[in-house]
Each structure stands twice: as structure tokens, then as C-alpha cells.
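Engineer: My questions will all concern the structure given below.
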Amino acid sequence: MPTHLEGDLVVDGHRFALVVGRFNEHVTEDLLGGALDTLERHGADLDEVTVVHVPGSWEIPVAAQKCARTGDYDAVICLGAVVRGETPHFDYVCSGATSGTMQTSLDTEVPVLFGILTTDTVDQAIARAGSKAGNKGREAAEAAIEMATLMPKLEG
């Protein structure tokens, strides 16, 4: 029989940092609210959660990396919103935020969760921050809890 390992959704003392971009704040605040509510519902003491605000999604990876390297957190949740405009700037920001968060996770072996919306319109971003399409902040927080509880099991 194969061995199956998976995390669960019980915080059980795990510590979390959230790195939140302020750009498109009307969207990112809803993502943050969803993430914090989810962490609390699964047992987190919000007094033990750190929220780091950065100017925008471009700055998220470096702040996430600093958090991950402290050793104080079992997972880092990245929340932001990038909405396509008329120039290639959207592509550069999305690419940098995506690769930066993934590289941070790989380099530090701390789960760094990608809750950065990359949408064509503001309405799409709003829908993914709590209206029609759920709340991607909640989903990122659930994934963070699951990964935080899985990682110790992988250390063998």
C-alpha cells in the first residue's frame, strides 16, 4: 500500500504572515478580510498573525522572502490585484509577482501562497475578492493552512 501524506485545515499553533499589495486596495482589502476570517475560523489567533502592507504586487515577493527567511512563519500568504491596462506593464508585474513568489517558496522551503489576482477588468477582480467568484483570499489561506500542516510530515 502506498503512503499518502496530506495536510489538514487545523491551524494548531502554526504561524502565518500575509503580504498585501495596496494597489487596487478596494480589492485587496476584501482578499485580506477573507484570508483573516478563514485563518481565524480554522483556529488561528489573529494576534499571532502578521500582516505586511506593500505598495503593490511587484513588491510582494521581496517582502514575502524576508518573512519566509525569518523562520517565524509556517506559511506566507501573498495577496494582490493586478488589472490589465493599455500597456505591457500588466504582463511585467504579473510575471515578476508570479515567479518571485514561487522562487521564494522554493528557495526557503516555506510555503508561499499565490493569492494575487491577475484580471482583465476591475469587475473580474471584485468578483474574485468576494462576490460572484468566491474569495481568492480565503482559498489562499486554506491552502496555506494545508501546506503548513503538510510540510512537517514531509521532513520524514
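Cβ from N, Cα, C; glycine included.
Pasting the feature list from Swiss-Prot:
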{"type": "ACT_SITE", "residues": "His89", "note": "active site, proton donor"}
{"type": "BINDING", "residues": "Phe23, Ser57, Trp58, Glu59, Ala81, Val82, Val83, Phe114", "note": "5-amino-6-(D-ribitylamino)uracil binding site"}
{"type": "BINDING", "residues": "Glu86, Thr87, Arg128", "note": "(2S)-2-hydroxy-3-oxobutyl phosphate binding site"}
Engineer: Using Cα coordinates, what distance in whole Å links Phe23 (5-amino-6-(D-ribitylamino)uracil binding site) and Arg128 ((2S)-2-hydroxy-3-oxobutyl phosphate binding site)?
Structural biologist: 16
Engineer: Among Thr87, His89, Arg128, these being the recorded positions, pick the one whose CA is nearest to that of Ala81 (5-amino-6-(D-ribitylamino)uracil binding site).
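Structural biologist: Nearest by Cα distance to Ala81 (5-amino-6-(D-ribitylamino)uracil binding site): Arg128.
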Engineer: According to DSSP, folded down to helix, strand and coil, what is Ser57 (5-amino-6-(D-ribitylamino)uracil binding site)?
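Structural biologist: In three-state terms, Ser57 (5-amino-6-(D-ribitylamino)uracil binding site) counts as helix.
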Engineer: If you count CB neighbours within 10 Å, which one among the binding-site residues Ser57, Thr87 has the smallest count?
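Structural biologist: Across Ser57, Thr87, these binding-site residues, the one with fewest Cβ atoms within 10 Å is Thr87.
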Engineer: Could you check the binding-site residues Glu59, Glu86 and say which one's CB has the fewest neighbouring CB atoms inside 10 Å?
Structural biologist: Glu86
Engineer: Around the C-beta of Phe23 (5-amino-6-(D-ribitylamino)uracil binding site), how many further C-beta atoms are within 10 angstroms, looking at every protein chain?
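Structural biologist: Within a 10 Å radius of the Cβ of Phe23 (5-amino-6-(D-ribitylamino)uracil binding site) lie 17 other Cβ atoms.
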Engineer: Which site among His89, Arg128 has the most other CB atoms no more than 10 Å from its CB, taking these as recorded positions?
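Structural biologist: When each Cβ's neighbours within 10 Å are tallied, Arg128 leads.
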Engineer: Say you check the Cα of Ser57 (5-amino-6-(D-ribitylamino)uracil binding site) against those of the recorded positions Glu86, Thr87, His89, Arg128; which is nearest?
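Structural biologist: Closest by Cα distance to Ser57 (5-amino-6-(D-ribitylamino)uracil binding site) among the recorded positions Glu86, Thr87, His89, Arg128: His89.
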Engineer: Kindly assign Val83 (5-amino-6-(D-ribitylamino)uracil binding site) to one of the three DSSP-derived states: helix, strand or coil.
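Structural biologist: SS state of Val83 (5-amino-6-(D-ribitylamino)uracil binding site) = strand.
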Engineer: Counting other Cβ atoms within 10 Å, pick out the least crowded of the binding-site residues Ala81, Val82, Val83.
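Structural biologist: Fewest other Cβ atoms within 10 Å, among the binding-site residues Ala81, Val82, Val83, is found for Val83.
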Engineer: Between Trp58 (5-amino-6-(D-ribitylamino)uracil binding site) and Glu86 ((2S)-2-hydroxy-3-oxobutyl phosphate binding site), find the distance joining the two CA atoms and give it rounded to the nearest Å.
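Structural biologist: For Trp58 (5-amino-6-(D-ribitylamino)uracil binding site) versus Glu86 ((2S)-2-hydroxy-3-oxobutyl phosphate binding site), the Cα atoms are 18 Å apart.
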Engineer: Can you tell me how many other Cβ atoms are located within 10 Å of the Cβ belonging to Phe114 (5-amino-6-(D-ribitylamino)uracil binding site)?
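Structural biologist: Its Cβ shell of radius 10 Å holds 20 other Cβ atoms.
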Engineer: Given the recorded positions Thr87, His89, Arg128, state which is nearest to Phe114 (5-amino-6-(D-ribitylamino)uracil binding site) when distance is taken between Cα atoms.
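Structural biologist: Of the recorded positions Thr87, His89, Arg128, Arg128 has its Cα closest to that of Phe114 (5-amino-6-(D-ribitylamino)uracil binding site).
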Engineer: Let me make sure I understand the span of the 5-amino-6-(D-ribitylamino)uracil site: among Phe23, Ser57, Trp58, Glu59, Ala81, Val82, Val83, Phe114, what is the greatest distance between any two Cα atoms, in Å?
Structural biologist: 16
